[in-house]
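A.B. asks: Sharing the features that Swiss-Prot gives for it:
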DOMAIN    59-319  domain 'PPM-type phosphatase'
BINDING   96, 97  Mn(2+) 1 binding site
BINDING   96, 267, 310  Mn(2+) 2 binding site
């Protein structure tokens, strides 16, 4: 772990420098109370979560990491069964707080209950369920408003998956995203709610607000969120027509046998990898037979190595049609890990002085190495490289550092 953290420190230096510049430029339009400060080293400990439902064939894994941020403001929830509904209904959500974790934690704790209350015992699919999800988000936001300390800033984006035996419902507000992989490719991906999108800009203007620097009132980067009640004060307008709205955009997708998985993630993940890259990386890890929570942990490690500075949470929900473990893929992965370890040893032995870990990584990055994981490339193998390096470059103090 210590070697991996040191590698992240080196690889993240340029990204952190750019972040400081951006903060200086945008200081006058930042959200009050926003937690933009960065740590000297990332906190890489990950919180893992997994579950499975034998009757429906659903299984999920999730992981969350604080990363470079001074505070952890993400939250998530998973309900593999919904009381009062038949087998096969399930609910999952990832929430990304800003200006504090209060809104994200509230949503993770209470949103499933509001969804269940709005669905009732006999949901009408798909239109009735879509409306139930909209109402549940708005009701949760109203209750959050009643409990919110007056004048406090902060809010949370959210992305949710509601599974029924016939449909997949993807509901989101803000820039936490979801994608569906079907037949080996991305079949659907949500679109971020940004103030410059025509529909969002029109609502903001109609509510008496402005969009400056691609932000609501020059400050908030998303146009839909739970919380952010300072932007929900336009008189005479319903909650869904305020400058910032908690009404989610809801897609209803008929289920198919070819459905493989849905990935839900906060924006720190999407900052580092595209939807196609994420789908390819998840697919390749599924073929290795990884437990889903460990798959998510590897994905977040890859994003950290690619320079993401945000809190990150990802959740993978697999359906019966998900890629299965493949002996050939497992053998190739083992051979790749062995080859990378051998290359690290060669670089170490050929240098006049012991090379730094960052030098080793960048040297390998300049080479054409076959068989690297699709989507993640060499960054998804940083832990393997760091482990091989640490075996060659251990110092007396390193053993203690490993326990950090």
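Heads up, residue numbers simply count up from 1 along the chain you see.
Each residue, glycine too, has its Cβ placed from N, Cα and C.
Bear in mind that the values here come from a model prediction, so they are computed numbers and not experimental data.
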A.B. asks: Under 8 Å Cβ-Cβ from residue 310 (Mn(2+) 2 binding site), six or more apart in the same chain: what's there?
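C.D. replies: Expected: 67, 68, 69, 266, 267, 268, 271.
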A.B. asks: Using a Cβ-Cβ cut-off under 8 angstroms and a sequence gap of six or more, which residues of the chain neighbour residue 97 (Mn(2+) 1 binding site)?
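C.D. replies: For residue 97 (Mn(2+) 1 binding site), the qualifying residues are 73, 74, 75, 103, 104, 105, 154, 155, 156.
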A.B. asks: Give the mean pLDDT for the domain 'PPM-type phosphatase' (59-319) on the 0 to 100 scale.
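C.D. replies: Result for the domain 'PPM-type phosphatase' (59-319): average pLDDT 97.
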A.B. asks: Let me know the most crowded of the binding-site residues, choosing from 96, 267 and counting other Cβ atoms within 10 Å.
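C.D. replies: Of 96, 267, the one with the most crowded Cβ is 96.
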A.B. asks: Whose Cβ lies within 8 Å of the mean position of the Cβ atoms of 96, 267, 310, the Mn(2+) 2 site, other than those residues?
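C.D. replies: Everything else in range on the chain: 74, 157, 175, 176, 266, 268, 269, 270, 271, 311, 312.
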A.B. asks: Under DSSP, is residue 97 (Mn(2+) 1 binding site) part of a helix or a strand, or is it coil?
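C.D. replies: Residue 97 (Mn(2+) 1 binding site) sits in a strand per DSSP.
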